[in-house]
Structure formats: C-alpha cells, structure tokens
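Down below is the structure, laid out as structure tokens.
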Amino acid sequence: MFFGYMFVDVMSPLQSLVNTKLGWSPEAFGYYAGAEYMLNVFGFLILAGIILDKMGVRFTGTLSASVMFIGACIKLYAISSLFAGSAFDQWLSSWWVEMPGSAKLAAFGFTIFGCGCEMAGITVSKAIAKWFEGKEMALAMGVEMAIARLGVFAVLSLSPRLADWMGKNDPSVVPPVAFCTVLLLIGLICYVVFTFMDTNLDKQLGASANGEGEEEFKLSDVGGLFKSRLFWIIALLCVLYYSAIFPFQRFGTNMLQCNLHISETQAADLLRWFPIGALCLTPPLGYFLDRVGRGATMLMIGSLLLICCHLIFALALPAFPSQGLALATIIVLGISFSLVPAALWPSVPKVMDSRYLGSAYSLIFWVQNIGLFGIPIIFGAMLEASNQGVTDPTQYDYTNPMLLFAGLGIVALFFAIWLKVLDTRNGYGLDKPNIKSDNDAVRLDGEA
Ligand SMILES: NCCCC[C@H](NC(=O)[C@@H](N)CCCCN)C(=O)O
C-alpha cells in the first residue's frame, strides 16, 4: 500500500510540468486524475469483493498487485518518448482533441491501476482481519494506513526531485513514474512472499489448503449486505466522511493560498501537516482502540471535528486570514483524519462475518468511490459558480464549496450517532476493545 499510494500521487506535484512537456491542459489533468475511480465506480469493486471472498487473500492480493503493475506500465509507456509521435499516439490524439493521446492512454493505465489499488486495499484489510482477529487488529490497520500516508508524503517530496534527475534544465515526468513503477514490482514480489507466510498460517490454524474460512461464501451474501441497515450506515458514514477529506487534500492548497494570500509552496507546506498528523496519530489510536475500545465514540468525535474544521475554513479563515489559525485547523483535521479511519476499518470485521468480509469491504469502498469520483466535480462546479468572472486563480472565494464539505460532515455525524445508538442497543461491540478472550460481539448474522 506504501508503493500504491506513492503511485497514486506521483504526478500530483508535477501538474505544470505535465502541462509544458506533454501538453495536458488543467482539464485534461482533471480527467486523468478522476480516471483512477472510473471502473471501480462502474462495478469493478463489487466483482473484486466476490473474487476476494471466493479465491482468498493470497490469490486476490497477487492479482491486484499484478493489475497495479500492469496499469502503471501502461501509464509509463503513455508518457514516454516511445509512445510520443507513434501511429497509436496520432490516432488517439485525432479524436476528443482537448485530451492528448498521452493523457488518454495514461488515464486508461490509471484506471487499470485504480482497479488493482482498490482491490489491494480490500484484500489487505481482509488479510489484516484474518491475521489479527481478537488481537491488535486496529493497531495493525493503523500502521498500514500510516505507511500509506507516509507514501503520499514521500512521493510529494521525491517526485519533483526525481523529475530533475537529468538536470534542472531538462526536467521530465518519466523518472518519477518509472521509479514508482519499479516500486510496484517490488511490492508485487513482497506480496508473493506474504502468500507463503499466509499458507504457513493456515497450516498452523489447521485451515483448508486453499480456503481462509470454514464457511463457503455465497453470492446471496452480497444481496444480504445490500439489505442490511448496518451496512448502509457504515457505508454512508464512510462515503460522506472521506468525500470531505480526500477532495479537500486536492483543493486545500489553493484554498489556503486564496484565503491567506500566500504562495503555492507556502500553502502546500501548511497543508503537509494534514497527512503528517494522521500518519503520527493513527497507530496510537489503533493501539488505544485495541485495548480500551470506544470505536463508535471515536467516529462521532472525528466527524464533529471535521465539521468544525471545514466551518473554520469556510467562514472564519476568510474573515481572519491567519496562518496560525490555518495551521491549528489543519492539525485538528489531521486528528479527525486519524480518529475516523482508525475506528472505521477495524469496526467492519466486528459486525460482518469473515466469509463475506471481502464483499463488505468492497461494497463500502464502492460506495466511497462514487463519492470520491463525484464530489470533486460538484465542488469544482460550485467553485466556478461562486467565482463568476474571477480570472486570477489565487483570488477564488472558497466559502460555498467549503460549506459543502461541512455539510457532508454534518450528515456523517448523523450516521455516526445512529451507529452509536444501534451499538448501545444491540451490543455490536464497536465501543469494546478488540483484544478479548471470548468473541462475544454480535455480527451482521445476528442483526434484527
Ligand atoms: N486497508 C485499507 C483501509 C482503507 C484506508 C483508506 N483508503 C480508502 O478508503 C481507499 N478506498 C481510497 C483511497 C483513495 C486514495 N486516492 C484510507 O484511509 O486511506
């Protein structure tokens, strides 16, 4: 996941270079960025969950890491000199001319990669749940997410430097993308090594040679999930929360620049504290959750903090443009971004049976991907509508779009409270520690 998250953001700090070297307009860059979620939104993730529950974590993890690598290779080829000017490039560039051939092929590669990456995300969650059930599961998931955040931080710092590999006078997009593609190959090899360890675990547990659970997964389990109120509460909380987080990461730099009247670098330096905060706090919160519990409460507090932060960005920051206020708000948002992921993902195995855990994660990811795909489009449209006639991109008024994020947080808080009420009433064990001697939590099977 470290290398996967690196690959996701490898081009993020290179937007202007991509524009000058490859001729991608900001619009083309936007289409390319959205391509990551394309096939997932149109149902691939549902299929991925079924494959995971049918075939297990060893097969699905190896498959997803291979798909990520293949997608990365396609993207690398698309931006390379091998492709530029080729007959294929000329043909691809001949239609929908706003989108150069290289952008179209890179977007296609990113779509393939995105399928592999999200499939890997659900596989890793199921593998951690299998390895750490009743033990330090939240800590393990917290460390995994922290490593992923470290990947984002690392690539944002490394990518511009790697672009200057051949000298500052001739920067190129190819070295950073090639570097991350090689890392994905190393990631695939690491996963193959893991499959042997996992086989050994099964032998120790006395599980069947190819299965991870005693009960067979049935396709009807997926239908059952769709009918579950508990599933929908978790999925909607997830989509609402993450839709006010990941898109914020994309627009945050410009929002800070516009409100604080500072340079892009200064704004990016401020925003960097957001993933760093989450990186540092998610593992200790996972440790706390394993030993003390309070997962449902953490979801409520995290959503509440999200609302406060976005309201400050929307209303207070334009009135009091202080870098101190912005930094404090970013740090609090980082705390929120630790609380919710640390509590949300380990909660799923507590309420869903392991035989369809892969499908549960994949359907939650699917609903989440719809939000991650759609919200930036709505946010961009609101930004444009609120800034009619503004030509200087450092003068945008972000009040209304930021209120959209706060609104998402309010609805997310509603679902978090609902989950807490149901947990208190039905005893799902969301507020209980993960480490326990007897597994007495009520799963979805026992839902009324
Ligand atoms: N084992 C993975 C747990 C989920 C972590 C979560 N990631 C997601 O929700 C992804 N579906 C979306 C990542 C989008 C990045 N471009 C997280 O908190 O990162």
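Numbers here mean position along the shown chain, with the first residue as 1.
Cβ from N, Cα, C; glycine included.
Automatic prediction, not curation, is the source of TrEMBL annotations.
The transmembrane segment annotation in TrEMBL covers 29-51 (among others).
Listed by sequence, the residues of this chain that lie at least six past the ends of the transmembrane segment (63-85) yet keep a Cβ under 8 A from its Cβ atoms are 4, 7, 22, 48, 51, 55, 101-106, 108-117, 119-120, 123, 173-174, 177-178, 180-181, 184-185, 187-188, 191. Marked as transmembrane segment by TrEMBL: 63-85 (among others).
Listed by sequence, the residues of this chain that lie at least six past the ends of the transmembrane segment (105-125) yet keep a Cβ under 8 A from its Cβ atoms are 1, 4, 7-8, 31-32, 35-40, 44-45, 48-49, 51-52, 57, 60-61, 63-79, 83, 88-89, 92, 99, 141, 144, 345, 348, 357-358, 361-362, 365, 369. Per TrEMBL, the feature transmembrane segment maps to 105-125 (among others).
Among the features that TrEMBL reports, transmembrane segment is placed at 137-156 (among others).
Taken from TrEMBL, the feature transmembrane segment applies to 176-194 (among others).
Feature annotation from TrEMBL assigns transmembrane segment to 230-250 (among others).
Tertiary neighbourhood of the transmembrane segment (270-289): same-chain residues 136, 138-143, 145-146, 149-150, 152-153, 156, 249, 252-253, 256, 260, 295, 298, 323, 326-327, 330-331, 333-335, 337-339, 341-343, 346, 433-434, selected by CB-CB distance under 8 Å and a gap of 6+ residues from either end. Per TrEMBL, transmembrane segment is recorded for 270-289 (among others).
Annotated transmembrane segment per TrEMBL: 296-320 (among others), in sequence order.
For 326-348 (among others), the entry in TrEMBL reads transmembrane segment.
Annotation comment: TrEMBL describes 360-382 (among others) as transmembrane segment.
What TrEMBL lists as transmembrane segment is 402-422 (among others).
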Original post:
Which of 29-51, 176-194, 230-250, 360-382, 402-422 shares the most C-beta pairs under 8 angstroms with the transmembrane segment (296-320)?
Top reply: 402-422
Original post:
Can you name the far-off residues of the same chain, 6+ from the ends of the transmembrane segment (29-51), with a Cβ under 8 Å from a Cβ of it?
Top reply: 8, 11, 15, 18-19, 59-60, 63-64, 99, 103, 106-108, 110-115, 117-119, 122, 217, 219, 222, 250, 358-363, 365-366, 369-370, 372-373, 376-377, 380
